[in-house]
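To keep things clear, I will list the structure first and then write my remarks on it.
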Amino acid sequence: MTTGPQNSSDRALADLAPGEQGRVVRVVAAVASIAGRMVDLGFSPGTPVAVVRRAPLGDPVVYRVKDYEVCLRRAQAACVQVTGADR
Amino acid sequence: MTAACHTGGAATVTPARAPRLALVGSPNAGKTSIFNALTGLHAKTGNYPGVTVSRFVGTCRVGADRYVIEDLPGTYSLDPISADERILVDVLDGRLDGVARPDALLVAVDATTLRRSLGLVAQLLARGLPTCVVVTFMDELSRRQGRLDVAALGQALGVPVVAVIGNRGQGIAELRETLTGWDHWPVPTIAPPTEAAERDAWAESVLGFAGYHPPQPHRVTQRVDAVLLHPLWGSLVFLAVMVLFFQTVFTVAAPAQDQIENLLGRLSGLVVAHVPEPWLARLLGEAVIGGIGGVLVFLPQIVLLFLLIALLEGVGYLARAAFVMDRVMAGVGLEGRAFVALLSSFACAVPGIMATRTLPSAKDRVATMMAAPLMTCSARLPVYVLMIGLLVDPSARVGPFGAQGLVMFGLYLLGAVSAMLAAWAFKRLGDRRGLALPFYMEMPPYRLPRPRSVLLMVWDSARSFLRKCSTIIVATSFALWLLLNLPVHSAHHLGAAGVDAGDPAAVAAYTVDHSVAAGLGRLVSPVFDPLGFDWRINIGVLSAQSARETFVATLGQVAAANDPEHPDDALRAMTDADGRRLFTPPTLAALLVYFVYALQCMSTVAVLRRETGTWKWPLIAFGYLNGLAWLMAYLARMAVIALGG
């Protein structure tokens, strides 16, 4: 688990709508190595993330992070907590 | 698919003193282009011991010096989350039996994703091995208004940095020159930090020093994705691409397949006409040429299929197709990339199983491989056409549809649904232990496919298909021919049995009736009697064990029809010992369902063995599919009897 400062406005990345942006606060996963993988994919605390688009069937979702696009399923995006979500 | 771009060639013996360099990088970083540019067509493919991870080793010659390049699986991290990923770390640490520790590292880095890629670079630099960073896609970076000072990046990282454009060969000469000094490459005195926040800070300082400006988001990609991934238009385009895919594979390949069949038919005729010894002529004509033809006839489809897949992959559409289908595949515990493999299996399970290399999870790969043979491949078509012709009246209609076509569609559907259920079952069995891997997939920008990579991939798959599978098919064809034609009966013996030795058809019929194969057909009859098969169908089913389409020709031979390629009429008239019609609706239904499930393809068995690196999975596939085939065929027979057929 990688943590940042606690804040009540934190939301799960999975709850952001396409077009919204946020900044990663922490990655929380039951298994530390999986949280670590999310960080290595670019979702490290402090990194801005934007929601690009949903798949036609609603899942997975494409995110833009560290200058590239990666798609995650809801379960993975739920591990990433973001703050300061805005358009 | 990227892995399949490597060229498999003859094993090159490398002296122990040749330095070993490991090529590491993220998927889509252009690693394969670098590997191919350095090693040319001198690469060796195999498996790492004990896992279903393909291994690619090549030799790079610079002047008189030789360097062994080991292309490691693409990765985003050195912290493994699966047994497959541990292989990479084990190779880097020299902990894997039979794989020497690399002397130095080549790290492929995509200039357009440098911010993320520096995380992996930091982890690699911490290994303390001499390292050279190879930056790719510099051309794309500048096209998208980005900037990077390569020399400054080298200073900031403290290791040599070379920029290459893999498809144009730019920078490859410099990279080869750099290789020669590998033992003088500086190792950073202070390893980059490993903690996430510190590593990010380190990466930002490196990027700042190297004057890095990230690329603008790719406008073409954004516009095309807005359509291709649109909930409505995206789904329609997806369906259109799939329909076109099959149309091309089936219709465009068909004339080439006919050409090959005609050519081999003529060749076989020439052999029969010009080889004086009749048994030798038939052995060469039927067993050898027929066996080779059985493989060659699929070559157009395989080449076309791989060409389309390589093009779709090169453009970046396969990642989108996987993205669109992921939700559907998640229903059976797999992911979008498994869809691509199952899609290929509609033409042939061999490329489908090879396409599972794109799946990062070993469990997904195995589950997909176990399901792939259930997708209705093109080899089943001739069998279906023949059997449906016997079962259903061509003029019968159900509403606006021909009944024959509906049965055919039903068989395709049965195969596809069974494949999904099988994948689900194997995934469930595999998931009993170990942790579920997270799903993530990079969405690369749309790019023009590189002709060289596309051709290499097609060439590699065609060659490995021919080399690995032809031996098996030719051998089984040879063995089957012997079984069907031995023992040889003397004219005296034939006369005593009341057969006119001057009538080739009568002799052939008598020989087949009293052949070793007929003995086998009768031997296995306790197994197939409940399905309504008699010994002649048994021979067909046994011979189809090497390749499904041989069923049609074998039945023709067994029925001693005048035209073995069109045995419908002769088969319709066939009766059993009691004079009852052999091909009754219950028997035909059982046969069709048997062919839906049974693993009757030695090429598939061979490719399963090659891709998994053990005999365990081919044996499991063989056992479960043929067991299921018998059970489902029995149920189908019972159902048709119950319906009054």
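Cβ atoms are placed via backbone N, Cα and C, with glycine included.
Per TrEMBL, domain 'FeoB-type G' is recorded for B:18-185.
What TrEMBL lists as transmembrane segment is B:232-256 (among others).
The feature transmembrane segment is assigned by TrEMBL to B:288-318 (among others). Non-local neighbours of the transmembrane segment (B:288-318) in the same chain are 1-2, 4-5, 221, 228, 241, 245, 248-250, 252-253, 256-257, 260-261, 264-265, 267-268, 271, 340, 344, 347-348, 350-351, 355, 378-379, 443-450, 453-454, 457-458, 461-462, 465-466, 469-470, 473-478, 481, 547, 549-550, 553, 603; each lies 6+ residues outside the stretch with a CB under 8 Å from one of its CB atoms.
Under 8 Å from some Cβ of the transmembrane segment (B:338-359) lie the Cβ atoms of residues 1-4, 54, 242, 245-246, 249-250, 298, 301-302, 305-306, 309, 318, 321-322, 325-326, 328-329, 365, 367-369, 371-373, 375-379, 419, 423, 461, 465, 469, 601, 603-604, 607-608, 611, all in the same chain and six or more residues away from its ends. Under the heading transmembrane segment, TrEMBL lists B:338-359 (among others).
Non-local neighbours of the transmembrane segment (B:371-392) in the same chain are 250, 298, 301, 341-342, 345-349, 352-353, 356, 403-404, 407-408, 411-412, 415-416, 418-420, 422-423, 426, 544, 547-549, 551-552, 555, 567-568, 571-572, 583, 585, 588-589, 591-592, 595-597, 599, 601, 604, 621, 625; each lies 6+ residues outside the stretch with a CB under 8 Å from one of its CB atoms. Among the features that TrEMBL reports, transmembrane segment is placed at B:371-392 (among others).
Summarising the annotation, TrEMBL assigns transmembrane segment to B:404-426 (among others).
Taken from TrEMBL, the feature transmembrane segment applies to B:588-608 (among others). Tertiary neighbourhood of the transmembrane segment (B:588-608): same-chain residues 295, 349-350, 353-354, 369, 372-374, 376-377, 379-380, 383-384, 387-388, 390-391, 407, 411, 414-415, 418, 465, 468-469, 472-473, 476, 531-533, 537, 541, 544-548, 551, 617-618, 621-622, 625-626, 628-630, 632-637, 639-640, 645, selected by CB-CB distance under 8 Å and a gap of 6+ residues from either end.
Residues or ranges marked as transmembrane segment in TrEMBL: B:620-643 (among others). Counting residues 6+ beyond its ends, the transmembrane segment (B:620-643) has Cβ neighbours under 8 Å at 369-370, 373-374, 527, 530-532, 585-587, 589-599, 604-605, 608 in the same chain.
This prediction places the mean pLDDT of the domain 'FeoB-type G' (B:18-185) at 88.
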